[in-house]
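*Asks:* Quick paste from TrEMBL:
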- 7-29: transmembrane segment (TRANSMEM)
- 35-56: transmembrane segment (TRANSMEM)
- 63-80: transmembrane segment (TRANSMEM)
- 95-113: transmembrane segment (TRANSMEM)
- 143-161: transmembrane segment (TRANSMEM)
- 187-214: transmembrane segment (TRANSMEM)
- 226-247: transmembrane segment (TRANSMEM)
- 253-274: transmembrane segment (TRANSMEM)
Amino acid sequence: MSLIKLYSFQIVVIGTILLAITSALVGTLNVYKNQALIGDALGHSTLPGIVLAFMLTSQRNPLILLLGAMATASLSYYLIEYSNKNSNIEPDANMAIYLSGFFGLGLVLKSFIQGNPSYANASKAGLDKYIFGQAAYLQKNDITLIFIVFIICLGIITFFYRDIKCYLFDSELANLIGVNTKRLDHLILFMTILVIGVGIKAVGVILISSLLIIPIITASKLSNNFLGVLGISALLSAIASITGSAISTLYQGFSTGPTIIIVQGLLALFVILAQKLSKGGHKI
């Protein structure tokens, strides 16, 4: 049977393409906002929310787990911001503190569930999938949720495009001309948490930040134009998703999420080396 006719492949490739494109769009905003690593901190911070949501409901409904992930990711973000404003600790160090703290809490809660008789079925709950990711287990309801997040993020970026671009490149000018920068901050945070929340099942809390960073860095090597970076990063993400999904389907032992990340990394390496060999390259 042709690969493209396999139902399981169709589900995985549709889900990963939508997720990767959405991650690229949202990741571009974070990179230009000089918060490239915030995705890593928030990604790790989702784990306790996922486990707590399961503990409270005993359900693996993607929407319920998403709400739990968003809750603890939001808490982590505001704790990081509070610490940045009220302590002498460097921002990167603050992110590392809360990243490791929330992730450690998630692991403790997961261990508690698996060792507690009250959660006898927890070992079958598939919570490990949210640590390392297993895109091969994406289902229709996961795809629906990813598609909704894609539409929401695309709609926000399209509607506020001019304001977002002005804010990212000159925040002082944005404030001067009356752009509501606080609202944009919250919208970017909202989109980041949304895409992380729906993406962790595919690539896991450990690798989700890669989807938000690698294609943007690669695209920025190929274009100086903001819209160009958005478009190229989305295209590269789609190519990596199709390639990674095909490899993991054809060859046993290859996990889809990590394979997609590896393909993205190889694309980035190819672009960087090509520019080096061409003595600085030529940006379009």
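Yeah, the Cβs are placed from backbone N, Cα and C, and that goes for glycine too.
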*Asks:* Out of 7-29, 35-56, 63-80, 95-113, 143-161, which stretch has the largest tally of CB pairs under 8 angstroms to the transmembrane segment (253-274)?
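*Replies:* The listed stretch sharing the most Cβ pairs with the transmembrane segment (253-274) is 7-29.
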*Asks:* Are there residues at least six beyond either end of the transmembrane segment (7-29) with Cβ under 8 Å to its Cβ atoms? List them, or say none.
*Replies:* 36, 39, 135-136, 138-140, 142-143, 146-147, 149-150, 153-154, 157, 164, 168, 188, 191-192, 195, 198-199, 202-203, 208, 211-213, 215-216, 219, 226, 229-230, 233-234, 236-238, 240-242, 244-246, 248-249, 256-257, 260
